[in-house]
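Feature annotations, reproduced from TrEMBL:
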{"type": "REGION", "residues": "22-70", "note": "region 'Disordered'"}
{"type": "DOMAIN", "residues": "79-192", "note": "domain 'Plastocyanin-like'"}
{"type": "BINDING", "residues": "128, 133, 168, 169, 177, 182, 327", "note": "Cu cation binding site"}
{"type": "REGION", "residues": "348-367", "note": "region 'Disordered'"}
Ligand SMILES: [Cu+2]
């Protein structure tokens with residue numbers, strides 16, 4: 001935590017936003033620079049939301065698989081097109097799997113057979129489907145599962161190879177569908193399972209292209225030109241600005257001494273995440289969701305390209321608020337990409353002493 005004088009100093013050298021990142025506040029410092037969309041007309045008034053929130057609960061992770069044999073698993077996902085707030089006072093039209101962003105995390109065992117059905121709710125406006133990167137087969141199932149509003153389509157596949165894989169809508173306007181929320185993760189566990197941890201969390205990063213700058217009150221329409229230029233309005237973890245941070249639905253929670261695994265799916269459609277835990281480190285990092293490879297160790301920032309996943313381990317040795325960000329930090333301070341994990345428990349001043357005043361030193365640290 002920064003004390004007041006240090007915060008002032010950082011502000012004076014232009015690091016106010018980083019001070020905010022390191023401290024408790026989730027919001028930026030209000031120093032908004034007019035963007036490309038600032039000259040656009042006032043948006044329509046905010047729409048009445050269909051749902052309170054589309055933000056997927058990061059603790060909603062299926063249990064680890066204990067089985068020593070393969071099974072047939074039935075999975076149904078329902079496409080729901082909903083209007084919801086991306087931040088207070090700003091509504092957008094989302095397209096979702098089961099009303100949440102990212103879509104539900106699916107978990108199967110390598111060798112399992114999945115009988116999958118996609119339902120397209122009758123009140124929806126357009127075609128949808130699913131491309132699973134865990135599938136050997138045309139389009140990852142996209143052709144077989146394409147369904148018009150009010151219809152459903154099924155396919156069956158065997159999960160032949162292990163890893164964490166994205167699934168996403170793959171109709172012709174797939175970038176638009178992913179940008180409004182249509183992506184999620186399927187974890188195919190190897191037969192021996194994954195190392196035991198105390199907690200597991202599920203996050204999805206994606207970017208949203210809208211008609212007005214982030215924070216402009218009202219209803220934002222989708223902006224194809226902004227998408228063509230790959231200039232998103234919002235970059236988000238779990239579908240909303242600062243969804244799981246203290247300022248919104250609240251941080252994820254662990255105890256000091258816990259080990260947590262974070263599953264992250266990068267929907268894109270276009271941006272590569274530089275995924276970093278502020279005030280911690282990925283003590284194990286499985287690039288590209290490849291959970292059967294030997295993990296990298298003590299990695300600060302992992303590159304997670306769109307259409308891929310990341311699996312990482314965090315150890316919580318002291319009480320702290322860990323901020324999970326895309327370290328392309330403009331996406332945090334200006335575009336909303338932040339999730340937080342609070343670790344509570346015993347202080348250990350030998351590891352970290354925020355109150356140290358330098359008094360044990362007899363002379364200057366540097367001549
Ligand atoms: Cu779709």
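For all residues, glycine too, the Cβ spot is worked out from N, Cα and C.
Curation does not apply to TrEMBL; its annotations are automatic.
Recorded features from TrEMBL, shown on the structure.
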residue	record	contacts (Cβ under 8 Å, 6+ apart)
128	Cu cation binding site	79, 95, 118, 120, 146, 147, 169, 171, 177, 182
133	Cu cation binding site	140, 165, 166, 167, 186, 307
168	Cu cation binding site	130, 131, 174, 177, 178, 182, 183, 184, 267, 307
327	Cu cation binding site	274, 275, 276, 301
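Proximity to ligand 1 (Cβ under 6 Å from any of its atoms) holds for these binding-site residues out of 128, 168, 182, 327: 128, 182. A strand conformation is recorded for residue 128 (Cu cation binding site) in the three-state DSSP classification.
Fewest Cβ neighbours within 10 Å among the binding-site residues 169, 177, 182: this applies to 177.
In the three-state DSSP scheme, residue 177 (Cu cation binding site) falls into the helix class. Residue counts for the domain 'Plastocyanin-like' (79-192) by DSSP state, with H, G and I taken as helix and E and B as strand, are 14 helix, 55 strand, 45 coil. Per-residue pLDDT, averaged across the domain 'Plastocyanin-like' (79-192), gives 98.
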